[in-house]
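As recorded in TrEMBL:
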SIGNAL    1-15  signal peptide
DOMAIN    61-107  domain 'Inhibitor I9'
DOMAIN    144-349  domain 'Peptidase S8/S53'
ACT_SITE  ASP147  active site, charge relay system
ACT_SITE  HIS179  active site, charge relay system
ACT_SITE  SER334  active site, charge relay system
Amino acid sequence: MRPSTLLAFLPLAMAAPSPASIKRDSPAPLITPRGNKGVPNRFIIRMVDGIKESSMSSSMKSLKTSSHFKYSKSFNGFAATLDEDQLAAIRENPNVEYVEQEQVMQIYETQQDATWGISRLSSQTPGATTYSYDAAAGEGTCAYVLDTGIDVAHPEFEGRATWAANFASGNSTRDVQGHGTHCAGTIGSKTYGVAKKTKLFAVKVLGDDGSGTTSGVVAGMEWVVKNADKSKCPNGIVINMSLGGSYSRAINDAAAAIADSGFFLAVAAGNSAVDASTSSPASEPKACTVGASDSSDKIAYFSNFGKLVDIFAPGVKIESTFPGGRTKVLNGTSMASPHVAGLGAYLLSIGQKADGLCDYIAKTGLKNAISGVPNGTVSTLANNGFSGQ
């Protein structure tokens with residue numbers, strides 16, 4: 001799943017005259033992460049629209065280096081290791097739209113030792129102890145979980161979980177860290193899941209320590225755009241990304257490509273108690289960005305906020321599946337996002353369409369339900385339309 005090709009990056013010709021003879025007015029923008037968190041010498045290079053993959057590969061002749069990934073569905077481009085001279089040369093190429101230094105992406109969770117479940121999504125008021133839902137329960141949908149993997153043998157998944165792809169370091173087909181299994185359980189396990197009949201697919205983009213690089217995450221997003229339609233999902237596809245880092249144009253571009261492909265994308269707002277515009281993919285407007293609330297309908301103390309947050313969902317003391325047939329209680333916007341991904345699958349199974357689904361969830365949620373939100377942030381809590389007891 002991780003191609004390693006030797007690529008020659010310059011010139012990158014689209015048509016005569018060759019780019020080598022064309023001069024830029026200024027170097028292509030170089031995007032670097034906040035706080036000196038960039039991965040040294042690792043970059044994502046986005047090409048201008050219109051470059052064909054075959055043309056891009058065949059015309060990379062001047063500058064040879066190892067390519068980690070090539071992208072054609074999320075956007076046209078590649079990820080590579082570059083020294084200072086190679087970086088400077090690529091930025092002078094007229095067919096380069098921007099260059100972005102890679103950063104470490106990570107999960108959004110904290111641990112607690114209590115639980116309250118998914119019943120809040122089907123209740124008009126806090127404190128409900130039952131979860132009410134249509135029997136369709138996500139049937140005919142597929143949920144792709146871009147995370148640390150899924151324990152596909154967990155009995156809570158009833159054989160509906162499949163290992164799809166790995167873009168993290170190593171070739172493991174296990175979820176050692178457990179975060180992805182927890183998120184998958186909230187989306188679609190039989191006891192803890194919102195959409196109890198959806199099919200679950202593990203796309204591992206974070207390693208066993210819960211972190212991964214920008215290029216691997218984008219590669220996983222690219223894989224979903226290329227391959228998700230091959231799954232038997234007549235009622236639609238949802239993707240959950242309970243991960244993030246500081247702002248990344250490459251991550252946001254890939255997130256936009258997922259939405260433009262007709263898939264519903266739920267993402268965690270982030271756990272830094274700051275405006276979500278500072279992190280990715282939470283800052284991508286085409287994603288459905290989810291903040292976290294607690295069992296008293298207060299904004300979680302850690303949840304990011306701001307105008308880019310579309311909806312709130314339970315994210316404090318959430319019990320869900322964990323590797324080895326176990327369960328675990330976790331906190332985080334990582335736990336809130338899969339509630340909305342599961343809700344997306346549930347709604348698709350009862351006739352809603354992916355186009356505009358985030359707006360529909362925001363429209364049908366419980367208005368003014370969340371207290372403590374800063375000015376300019378929605379206070380709507382996700383709801384499935386049923387009334388719990």
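Cβ atoms here come from the backbone N, Cα and C positions, even for glycine.
Residue pair ASP147 (active site, charge relay system) / HIS179 (active site, charge relay system) shows a Cα separation of 7 Å. In terms of DSSP helix, strand and coil, the domain 'Inhibitor I9' (61-107) has 8 helix, 25 strand, 14 coil. SER334 (active site, charge relay system) sits 9 Å from HIS179 (active site, charge relay system), taking the CA atoms of both as reference points. Here the active-site residues are ASP147, HIS179, SER334; the one with the fewest Cβ atoms within 10 Å of its Cβ is HIS179. Computed over the domain 'Peptidase S8/S53' (144-349), the whole-number mean pLDDT of the model equals 96. Look at HIS179 (active site, charge relay system): DSSP puts it in a helix.
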